[in-house]
Structure formats: C-alpha cells, structure tokens
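Sequence annotations record features per position, and here Swiss-Prot assigns heme b b562 binding site to His83, His182 based on similarity to another entry. Here Swiss-Prot flags His97, His196 as heme b b566 binding site. Residues or ranges marked as ubiquinone binding site by Swiss-Prot: His201. What Swiss-Prot lists as transmembrane segment is 33-53, 77-98, 113-133, 178-198, 226-246, 288-308, 320-340, 347-367.
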Amino acid sequence: MTNIRKTHPLMKIVNNAFIDLPAPSNISSWWNFGSLLGICLILQILTGLFLAMHYTSDTMTAFSSVTHICRDVNYGWIIRYMHANGASMFFICLFIHVGRGLYYGSYTFLETWNIGVILLFTVMATAFVGYVLPWGQMSFWGATVITNLLSAIPYIGTNLVEWIWGGFSVDKATLTRFFAFHFILPFIIAALAMVHLLFLHETGSNNPTGIPSDVDKIPFHPYYTIKDILGALLLILFLMLLVLFVPDLLGDPDNYTPANPLNTPPHIKPEWYFLFAYAILRSIPNKLGGVLALISSILILIFMPLLHTSKQRSMIFRPLSQCLFWILVADLLTLTWIGGQPVEHPFIIIGQLASILYFLIILVLMPITSTIENNLLKW
C-alpha cells in the first residue's frame, strides 16, 4: 500500500514541500534562514494574537493597556517582549536571507526573488504600523514623521496624508486603522510566503556554487529537517537571551513616555532595522528626493537580475565581487549607525557619502567588476 503522505491531498502538499523534496546536497547554513523566517512569522502571529486579546486601540487607553499587559496579565511581560524582540530577530534573519540571495545569485530565480522583495516591503510596513501601537512618544512622532513623507508626492500628497491619518493629525482614527493593518498584514505575509515557496519549488534551491545540482540531490527529510531544527533552537536561544536579560536593548527609552503631541522628542528615529533607510532619507536635503531615495534603497533589489553581468551565478569564485559585497555590508552597517545619530557635523557628511557609496556599489561598481572578472577568465 502507498504511504498516506503520498496519496492524501493535503499531506501530499506537505510531503512534496518538506519531506520528499529533492534538495542540493551542499547547501550551507546560510540556507537555514528561510525556515527561520517561517518560525519567526509563526511566533509573531501567536504572541501578537495573545497581545491583541488585552490591547485596546484607543489613544486614551493604548499606552495603559500595554502597561497592563506587562504588569497584570499572567506572563504578559514575556509575551510582549517576545513580540518586540521577535521583530528584531525577524529582521536579522530577513537581512541575512536577502544578503545570501545577493551573494549566491539567487535573484536569477525571477518570480521567487520578486515575491521576496514584495515580502520585504510588506514586513517593513507591518513593523512600522506595529511600532505605532504602544502609543509612546516615539510611536506617535515616528508615525507623524514617516506618514508625513507622503506629502512630498506632488498634487495629491497632502490629501493622501490626511486620508491615511483619518483627520488633520495622527490621532484616534490613525491608531485604530494601524491596529487593523497590523492584524491583517501578517496573514498576507503568510500567504505571500507560500507563493514564494511555490515558485522556489518550481526551480529547486540554488546552492553555494551556483551550478545546477540536479545530478546530486538528497531528500529534505531527515537531512535538512534536522539542520533546520538546530537553526530554530539557536534562534530561540538568542531570542530568549534578549527577552530575559536585555529586553529593552533594541528599544527606545522615549517609548516609555506616553504620546504627547505638544512635546517633540530631541531625536526622532525609527527602530534599528529601519535606520539604514532612514539615514539615506535624511542624507538628501530635498523632501521628495529623500522619499525617492528611501524607496529606491529597497526597490533597487528588484533590478538585481538586470544588473548581473557576470558569467557565473554565485560570488564564491569571484574575489573582486566578494570584496565589493562585504564593503556594501560595511556601508549598510555605517548607514545604520548614522541613522541613529543626531543631524549634525560630522554625521551629515558621513551619511551622504555612505548613501552615495550604497547606490554606487550596486548600480555601477558591481556590474563593472563582474565584466572585469569575465575578461579575467579568458586569460
């Protein structure tokens, strides 16, 4: 008799995706982050569900309801901090996952890559609206500053901002709709992730060499299930280290002050995972220019397949491109640091130089370097 996992309509889907899936035999730990992102998403949905049971999306009670969760709800504090720090772990995994895709040329799977970029935008939108919900000072002013950027859009900008706010400023209507968005978006992310996997399984996984691995495939289970479980345990270890020892390490102290429209914090800044984009936004003196640079800094990923001029897919055998890749990583870390600094000398000029370097590496230096490496192969 045929095994039920191969015949049952539902189990067959699970079987083909996680059990009998042919996987390359040489994929490294950098390939673990897809499954870790899935775990992060499940964790965020579960902790978020329990938080939503006690949270109230009203300007008068939002801040107190979060305090109530931490003080009065059984294990509310751990659920709240797992959710807040879980977002940080989510973005760490996300950035590594995207970096892996850039390094090993995974962007040549066009559909998978494009869905991935849409996923990145959706996760960033979810994190942004989620940060507004505790209704602290940084929540309120972050929401005001970032939504205000839309007013830079010619002609319809001001109307668009007021439409999103549901009034003439960030207020009760804004908070209520942001809570609604924050609740629905993770389920959209889950659906997109399934489409992402669907397209990936059409082509099969890439591998570190960038060479087709059809001649050497192994079943996903038990090899990669065990490997993913190890990754998951390490992820949970790091998350719980954050939650139990330094829960506020990545947060902003200003968010422990209730939102006050009459008092602006000295330095308005988003969560750490948006700082690189925020630094690029601030490095351009013009408002519309800054908004375009901000969007371009992420949207540029869509054009990676067009900018790929190398005859090899992966960077593993291309030392010049490797150097550029790691300079890009260092540049992004520099931008993250600058995004958290006040707007004054020397941070302004460092931010501008780092922003120029970011676009220069991706749009100019990487394609040129790849062409040079192609010519070196002929020698």
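For all residues, glycine too, the Cβ spot is worked out from N, Cα and C.
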**OP:** Count the Cβ atoms, other than its own, that fall within 10 Å of the Cβ of His196 (heme b b566 binding site), considering every protein chain shown.
**Re:** 21
Original post:
Here are the binding-site residues: His83, His97, His182, His201. Which has the lowest count of other Cβ atoms within 10 Å?
Top reply: His201
Original post:
Rounded to a whole number, how many Å is the Cα of His83 (heme b b562 binding site) away from the Cα of His201 (ubiquinone binding site)?
Top reply: 30
Original post:
Three-state secondary structure of His83 (heme b b562 binding site) from DSSP?
Top reply: helix
Subject >> Sequence-remote partners of the transmembrane segment (77-98) [C-beta within less than 8 Å, at least six residues beyond its ends] >> reply: 30, 33-34, 36-37, 40-41, 43-44, 47-48, 50-51, 66, 69-71, 116, 120, 123, 127, 130, 235, 238-239, 242-243, 247, 250-251, 271-273, 301
Original post:
Which residues, given as numbers and ranges, are at least 6 beyond the ends of the transmembrane segment (347-367) yet have a Cβ under 8 Å from it?
Top reply: 279-280, 282-284, 293, 296-297, 300, 304, 307-309, 321, 324, 327-328, 331-332, 334-335, 338-339, 341
Subject >> Remote residues contacting the transmembrane segment (33-53) - C-beta distance under 8 A, at least 6 residues beyond either end >> reply: 69, 79-80, 82-83, 86-87, 89-90, 93-94, 96-97, 100, 182-183, 186-187, 189-190, 193, 228, 231-232, 235, 239
Original post:
When you scan the chain for residues with a C-beta under 8 Å from the transmembrane segment (178-198), skipping those not six or more beyond its ends, what do you find?
Top reply: 17, 37-38, 41, 44-45, 48, 52, 55, 57, 112, 115-116, 118-119, 122-123, 125-126, 129-130, 132-133, 143
Original post:
Just the number: how many Å between the Cα atoms of His196 (heme b b566 binding site) and His182 (heme b b562 binding site)?
Top reply: 21
Subject >> Tertiary contacts of the transmembrane segment (226-246) (same chain, 6+ residues out, Cβ under 8 Å) >> reply: 29, 32-33, 35-36, 39-40, 43, 78, 81-82, 85-86, 88-89, 93
